[in-house]
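Report on the following structure.
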Amino acid sequence: MASLTFSASKFCCSSTYTTFFEKFDHVKDDNSIFGKVNFSSNYCKKRDLAIANVASKLPATAPAPAPPPTSPVQNERKLAAWTSVQQERWQGELEVEGEIPFWLNGTYLRNGPGLWHLGDYNFRHLFDGYATLVRLHFENGRLIMGHRQIESEAYKAAKKNNKLCYREFSEVPKPDNFLSYVGEIANLFSGASLTDNANTGVVKLGDGRVVCLTETIKGSIVVDPETLNTVGKFRYDDNLGGLIHSAHPIVTDDEFWTLLPDLINPGYLVVRMEPGTNERKVIGRVDCRGGPAPGWVHSFPVTEHYVIVPEMPLRYCAQNLLRAEPTPLYKFEWHPESKGFMHVMCKASGKIVASVEVPLYVTFHFINAYEETDEDGRIKAVIADCCEHNADTTILEKLRLEHLRSFNGEDVLPDARVGRFIIPLDGSPHGKLEAALNPDEHGKGMDMCSINPAYLGKKYRYAYACGAQRPCNFPNTLTKIDLFEKKAKNWQDEGSVPSEPFFVARPGATKEDDGVVISMISDKTGDGYALVLDGSTFEEIARAKFPYGLPYGLHGCWVPKK
């Protein structure tokens, strides 16, 4: 199999290097760009945190000060969602309003970017921030919260050197001199300069290990779900190599599936890893049908028998990866002429059973997929649902921090829907893409979905997501979607920003929506709280205020009590 490394001769061009040299001419002393990071514990001592029913406090180490007074965060809104975390770690019991079900025993972990600046240098994009892991531990109606920075090499190097040292989503280290610049380019080809900042997701493997992830393979980091300590790198025991993979593998107690984009010979390796091992095994390969590179595969769905490989016209771009400053689409390029495709691979044989052209699409997150059968029980199609942005790539630009921090009441959030792919298995060359329900039901906003995990890969009725109450610049509601009735029910705390709603089923439940939905809310006062909704009625049953507002987070997982 092809090793996923970059070829300088194949991907570099004179214009790319010209961009680098033009940028290099303007390099100045790091002190003038980054300032200094104050990691003194004295910062935390200055804060008077009113914490109810504190069970324990961890010492605050390496605190991160809030952005400087000139930041638009300070001037335009109080939301903590887009500000750096106030300190590196904290733990304590929260006072609960309402009642948490006594059957809810376990830990919800949420990962996401949480530190967006170094000294007086502010990062540009939501996806750039250093990872903050938040823990909500539920036990017998009580709730203990904790958070801690993930100690990736990228984070530790930034803390030690007071500057950016690895390439993040839109940020590139500023070279000290020409030799360091040349060395950084060489490190990019080997992957050494790519970040291991695991700020995207967190999963519990079948053997109980908990791993935080991002799209770089080196950014797979094992953590302790109880202490939030960084245990170390998750190292893959195989010879597949590679630099990137899907940020969202499919993980159950029995399965671990992921996709490895091949940037040299455009395509994707579909790989599986057995529980208790670190060895990825190739099940099959999908060659790209269009475009100069594979499409971005932030996530993908599976059914009981198939892996669905999306080939999106928003494609990886090695030239953009090389640039010293971000392009409008960052590491990607939009190639509508290359068209969009969906491929279906048999899990058992690795054979491609369908490869169809579909309308152009843009999605970060797939929701679920299932097999549709005829009256004789034969599989006739695969249905795959996603949060689809109407083939509009501007959502990436709207996630720049300056846009998130400067909401002035205008409705600027790009529209989104529950996009439903219908992939026929009868040899037809074309599939369909349509809205699974009227997007007006959820305010034409849709992202960050979860489902009852018992329905993964099966026909399902309910999904929980972030929707929109217009006008807004970011999803601002929690939404329960009924795909049978084609209706949605929305929960909103006006002026707040909720993170991903995560469904936890009640033990022994027989109904799909019998459980609770957990989310973390940044409210308009600058504070934040944990929220628990009834999965069936979608009404609030409990909340617990945090000691201070937390940054917005991305994705989570549930670790049941042992």
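Any Cβ shown, glycine's included, is placed from N, Cα and C.
Caution: TrEMBL annotation is automatic and unverified by curators.
Straight from TrEMBL, the features:
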BINDING   HIS248, HIS298, HIS365, HIS555  Fe cation binding site
The number of other Cβ atoms within 10 Å of the Cβ of HIS248 (Fe cation binding site), counted over all protein chains shown, is 22
Enter the number of other CB atoms within 10 angstroms of the CB of HIS555 (Fe cation binding site). 24
Within 8 Å of the Cβ centroid of HIS248, HIS298, HIS365, HIS555, the other same-chain residues by Cβ around the recorded Fe cation site are THR200, GLY201, ALA247, SER299, PHE364, PHE366, LEU554
If I restrict to non-local contacts, at least six residues apart, and a C-beta distance under 8 angstroms, what lies near HIS365 (Fe cation binding site) in its own chain? HIS248, HIS298, SER299, CYS386, CYS387, ASP447, MET448, CYS449
HIS298 (Fe cation binding site), Cβ-centred 10 Å count of other Cβ atoms over all protein chains shown, is 19
